Structure formats: C-alpha cells, structure tokens
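Here it is, the structure in full.
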Amino acid sequence: MQRIAVMGAAGRMGKTLIEAVSQAEGATLSAAIDRADSSLIGADAGELVGLGKIGVTLAGDLAAMVDDFDVLIDFTHPSVTLKNLEVCRQAGKAMVIGTTGFTVEEKQQLSEAAKQIPIVFAANFSVGVNLCLKLLDTAARVLGDDVDIEIIEAHHRHKVDAPSGTALRMGEVVADALGRDLQKVAVYGREGQTGARERETIGFATVRAGDVVGDHTVLFAADGERVEITHKASSRMTFAKGAVRSALWLQQRSPALYDMQDVLGLR
C-alpha cells in the first residue's frame with residue numbers, strides 16, 4: 001500500500017487529490033498538509049471533502065509528518081514546492097509535482113534533487129494532454145516549417161501564472177521537434193503595430209475567465225488549410241487521478257526526474 005501525503009490539502013486541487021486517493025486501489029491517504037496559519041488545521045481531511053472522518057487530520061508542518069508517508073503530491077506554488085522538495089530530499093521521500101510557474105533555475109533544483117529521490121514532474125497529469133503531446137510531436141515533424149504555429153490556452157480567473165505550464169510544455173515539444181529553441185522563438189501576446197508575422201516563431205495567447213478548468217489548442221496554419229489539436233478539461237479530477245497514478249508508479253523507482261510520459265509508457 002502506497003502511503004500518500006497531499007500538500008495544499010485545503011485548496012481546490014488538494015481536496016480533489018484527497019478524493020482521488022480515496023478512490024485509488026493500492027493507495028491510502030496518510031497525511032494532509034496545508035499552510036500553518038490555515039484556520040482548518042486540525043480538521044479531519046475526509047470531512048473537508050465530504051467523505052466523513054478518515055482519521056487523517058490537517059497538519060501545518062510537512063517536516064513533522066515525514067515518517068507518515070512514502071510520496072508527497074504537491075500542486076502548490078514554486079516557492080512552497082521548493083521548500084517541500086528540500087524536506088523530502090533530506091527524508092528520502094518521493095514526490096509528484098504538479099506545480100507550474102518554475103523558472104529555468106528552479107527547474108534545475110528539481111533536477112538536482114532527483115539525483116537523490118524519485119520525482120515525477122509534469123505540467124499536466126491528464127492522460128489526454130499527454131497523448132496530445134505525442135500527437136504534437138508527430139504533427140510538427142510532418143508539417144515542418146511550412147506552417148505558422150500558435151498556442152491558445154484558457155483557464156479560470158484564479159490562475160496566477162501565464163502562459164500555463166501545459167501551454168509552455170506544448171511549445172517545448174513543438175520547438176524540439178522542429179529543432180528550435182523556444183526561448184528564442186516564442187512570442188507572448190501581441191499588441192499594437194506588430195508588423196507581419198515572423199516565420200518560425202511560436203505564438204502564445206492566454207485567456208483568464210470564469211471557472212474554465214483548462215483548454216489548450218495548438219494551431220498549425222498553412223495557406224489553404226489548418227490543423228488544430230485541442231484538449232479541454234471539464235474537471236480537476238482528471239489531473240488528480242493522473243497524479244495518484246504517478247504516485248503509485250513511483251513505488252520501487254530509482255532516483256530520477258520522470259514525467260507523465262514515463263508513467264504512461266509513451267517514451
């Protein structure tokens with residue numbers, strides 16, 4: 001039985017993760033952690049999500065809980081995740097990281113920690129999105145430099161980073177397939193007199209509105225035709241189930257930095 005801890009357990013995604021763990025065979029929720037100043041500290045994690053009492057109370061200190069879990073699932077904020085990363089590294093605990101918005105330097109910290117503990121880090125844990133990444137690689141290689149490529153994403157009003165981690169990952173996959181450096185060819189939004197579109201650039205457009213869980217479209221546009229690869233999520237549960245699947249997959253894995261493509265056997 002894989003003992004799973006959920007960080008940010010009182011938040012929207014944290015509550016969904018608690019539900020997903022409760023539904024997963026071979027997994028048990030053994031710890032739930034949130035901010036130390038949360039008014040919900042001490043509450044039963046099961047009651048937070050309508051499951052009734054499960055005997056796991058919401059804690060405010062990850063370091064005090066390290067003996068209670070095998071793997072930590074963290075969908076929080078880069079600054080929080082990096083602190084948790086150090087705790088897990090020192091304790092030899094595996095991690096599943098769904099936090100987005102890391103800088104290049106911060107991602108390097110994940111890579112360094114993965115030399116000592118197994119980590120699954122993905123911008124998106126949806127099976128459908130990861131299938132789309134595979135399709136995007138194929139589409140980019142087939143369509144090549146004859147198309148203009150734009151990535152359009154939409155999320156709820158509360159999302160704090162833009163473009164989304166998933167949109168950026170999609171851009172990386174396309175750029176890698178075409179032998180381009182995304183940092184050099186990405187164009188983030190357009191305004192005013194921008195001039196004609198530069199060939200070989202990859203454009204990003206962002207929408208933040210309502211309660212949109214997550215929509216992503218990659219547009220390959222040529223003269224006379226276009227190909228669109230789209231994924232739309234209607235529930236956070238799809239991400240939560242993928243994260244729990246990753247946590248179970250990490251059992252007996254050697255230290256390394258994995259992603260959802262590894263979990264799904266798509267490599």
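Glycine is treated like the rest: Cβ placed from N, Cα and C.
Just lifted these from Swiss-Prot, have a look:
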type	residues	note
BINDING	Gly8, Ala9, Ala10, Gly11, Arg12, Met13, Asp34, Gly98, Thr99, Thr100, Ala122, Ala123, Asn124, Phe125	NAD(+) binding site
BINDING	Arg35	NADP(+) binding site
ACT_SITE	His155	active site, proton donor/acceptor
BINDING	His156, Gly165, Thr166	(S)-2,3,4,5-tetrahydrodipicolinate binding site
ACT_SITE	Lys159	active site, proton donor
Need one number for the NAD(+)-binding residues Gly8, Ala9, Ala10, Gly11, Arg12, Met13, Asp34, Gly98, Thr99, Thr100, Ala122, Ala123, Asn124, Phe125: the maximum pairwise CA distance in Å, whole number please.
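Between the outermost Cα atoms of Gly8, Ala9, Ala10, Gly11, Arg12, Met13, Asp34, Gly98, Thr99, Thr100, Ala122, Ala123, Asn124, Phe125, the distance is 22 Å.
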Quick check for you: of the binding-site residues Gly8, Ala10, Thr166, which have their Cα within 10 Å of the Cα of the residue listed as 'NADP(+) binding site'?
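Within 10 Å Cα-Cα: Gly8, Ala10.
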Can you name the recorded positions among Arg12, Asp34, Thr99, Ala122, Asn124, His155 whose CA is within 10 A of the CA of Thr166 ((S)-2,3,4,5-tetrahydrodipicolinate binding site)?
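Passing the 10 Å Cα cut: Ala122, Asn124.
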Take the C-alpha atoms of Ala10 (NAD(+) binding site) and the residue listed as 'active site, proton donor/acceptor' and report the distance between them in angstrom, rounded.
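It is 21 Å, counting Cα to Cα.
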List, in sequence order, the same-chain residues at least six positions removed whose CB sits under 8 Å from that of Asp34 (NAD(+) binding site)?
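Asp34 (NAD(+) binding site) has long-range Cβ partners Met7, Gly8, Ala9, Ala10, Gly11, Gly14, Leu40, Ile41, Leu58, Ala59, Gly60.
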Indicate whether Thr166 ((S)-2,3,4,5-tetrahydrodipicolinate binding site) is helix, strand or coil by DSSP.
helix
Return the residues near Arg12 (NAD(+) binding site), defined as same-chain residues 6+ apart in sequence whose C-beta is under 8 angstroms from its C-beta, sorted by sequence, else 'none'.
Arg236
For Thr99 (NAD(+) binding site), find which of the recorded positions His155, His156, Lys159, Gly165 come within 10 Å, Cα to Cα.
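Matched recorded positions: Gly165, sequence order.
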Just checking the recorded positions His155, His156, Lys159, Gly165: which sit within 10 A of Asn124 (NAD(+) binding site), CA to CA?
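Neighbours among recorded positions, in sequence order: Gly165.
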Which residue, of the recorded positions Arg35, His155, His156, has its CB surrounded by the fewest other CB atoms within 10 A?
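His156, out of the recorded positions Arg35, His155, His156, has the fewest neighbouring Cβ atoms within 10 Å.
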What whole-number Å value do you get for the CA-CA distance of Ala122 (NAD(+) binding site) and Gly165 ((S)-2,3,4,5-tetrahydrodipicolinate binding site)?
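If we compare the Cα positions of Ala122 (NAD(+) binding site) and Gly165 ((S)-2,3,4,5-tetrahydrodipicolinate binding site), the gap is 9 Å.
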